[in-house]
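Among the features that TrEMBL reports, domain 'GH16' is placed at 6-201. Summarising the annotation, TrEMBL assigns active site, nucleophile to Glu88. The active site, proton donor annotation in TrEMBL covers Glu92.
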Amino acid sequence: MADPSLHHEVQPIKEIAIDYTPEACTHCPVSNSITLTFDHRGGARWRSTTRFLYGTFTSLIQCPKGNTSGLNFNIYLSSLEGDKSQDEIDFEFLGKDKTIVQTNYYTTGTGNREEIHDMGFDCSDGFHEYTIKWNPDSIEWFIDGKLVREVEKKEGEGFPEKPMFLYASVWDASYIDEARWTGPYIGSDAPYVCLYKDIQVPVNTVVECSCDS
């Protein structure tokens, strides 16, 4: 177990891996900024190169401008994207309405803990700070330093405890729930660019093992 005193020490993210469409993702370590573009190539997804066990994860994000109906843009933690038994903690923007954000978390592949938050601003108008604080016994989501949701670990209920990567992506989610979740994809203002800067991750990293755990 990591030293609890290190949980909230942060440092700039230094390296990322790009899971798909690398030409649609740019990373500048010097300015600590990342751009993701969604266009005819589809979207892209980046992640940290190591997993973390607990800590504070934060980024300034300016979401894509224009008619983003159908798209999902996000920042989230996951033990392994695509794994059916993943742990996960999410901030997800739903392209049909850029004044709201959805938070959610998964334990061993089970989610259904969604909450919608009215942010009081359009997330594409400028940079705003989104923070996840993940402790052994609680999760907190902050927007511009304001706590918007807190979940405490409860006896007998699942809670994220697998080491997790930090991920972010932009993708077309219009096929989910007959477009009710993010709206139908219109695409009238492509290319859509999501900007991330001042991305901070915990100082303490988890040593990677050769297994998929």
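Cβ atoms are placed via backbone N, Cα and C, with glycine included.
All TrEMBL annotations are machine predictions without curation.
Cβ neighbours within 10 Å of Glu88 (active site, nucleophile), excluding its own Cβ and spanning all shown chains: 22. In the predicted model, the domain 'GH16' (6-201) has a mean pLDDT of 95. There are 20 other Cβ atoms within 10 Å of the Cβ belonging to the residue listed as 'active site, proton donor'.
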